[in-house]
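In Swiss-Prot this protein carries:
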DOMAIN    27-242  domain 'YjeF N-terminal'
BINDING   N78, Q79, G80, G81, D82, G146, F147, N148, F149, K150, G151, D152, D185  (6S)-NADPHX binding site
BINDING   Q79, D142, S188  K(+) binding site
Amino acid sequence: MPFSTPAQPSCSAASPLRLRYIDASTAQKIDEDLMSASGGFSLDQLMELAGLSCAQAVFECYPPTKYPNVLVACGPGNQGGDGLVAARHLYHFGYEPVVWYPKQGKTELFSRLKVQLHNLGLPFVSQDDFQDALEEADVVLDSIFGFNFKGDVREPFRAPLEILKYESRIEFEARKKMPPIVSVDIPSSWHVELGNVNKAFTPSVLISLSAPKLGALAFAGRHFLGGRFLPEDLEAKFDLQLPDYPGTEQVIEITGAKPLQTQEADL
């Protein structure tokens, strides 16, 4: 039974703009510069700010009054950490998050993030219960794989990503709609430079962090930029030409943004 198409999020479109789309190597260098002695940031600081950005984007597009149940799907790396942080903020924003986190990151940071969620009473669903959690969700936050993902998708992530890809094969009770998907930085299993070459799922909303990735050029849904922490000298070093964030916002919509004219000849 195919799902009916979910309503489009009620976000206002931003004016067309140009900014730099970056590859995985540049994204890695930006993170390294931020966490260097001269950059001064720690990983948990960047993760906190990134997760807050993601939670705010979800709130702007899918408010808790209409979309209270969020399934936060987390991977074992830093991308998953962003999702854990986002789940905490979503709880405080009035949502009822459920976390799918089948493979925990190895450092103490991930353990502490998980403890924070347990202390709020957030439920964690088992590895095999992804589909059941999906049936109850109003929104899915995809924070499984980030810009460092390479190779084939393996379990325990392969089956859930296949479910999202072939959602029309699932039959929900009471004719529930397939929930919209919000992806963090790059949709899980997309190639960071080439885009959806693996024919994976396509989210409704994408939240690029620091700067949009080259693989997002073909993304046609709602597109946000988050991670309001880059100093001006770092933006200039990589010629990112990022837009200004309004007021106290942690995200800015960049739907329809084009690459810099100096990039177009190479794309």
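Backbone N, Cα and C define each Cβ position, glycine as well.
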Neighbourhood of D185 ((6S)-NADPHX binding site), C-beta criterion under 8 angstroms, separation at least six:
Q79, D82, G146, F147, I207, S208, L209, K213
Residues near the K(+) site, Q79, D142, S188 excluded, by Cβ within 8 Å of the Cβ center?
A73, G75, G80, G83, S143, I144, F145, G146, S183, V184, D185, I186, P187
Between N78 ((6S)-NADPHX binding site) and S188 (K(+) binding site), what C-alpha distance do you get in Å?
13
Mean pLDDT across the domain 'YjeF N-terminal' (27-242), rounded to an integer, is what?
92
Hey, of the binding-site residues listed (D82, D142), which one tops the CB count within 10 A?
D82
Least buried of the binding-site residues N78, Q79, S188, going by other Cβ atoms within 10 Å?
N78
Students should find that the Cα atoms of S188 (K(+) binding site) and G80 ((6S)-NADPHX binding site) sit apart, in Å rounded to an integer, by 11
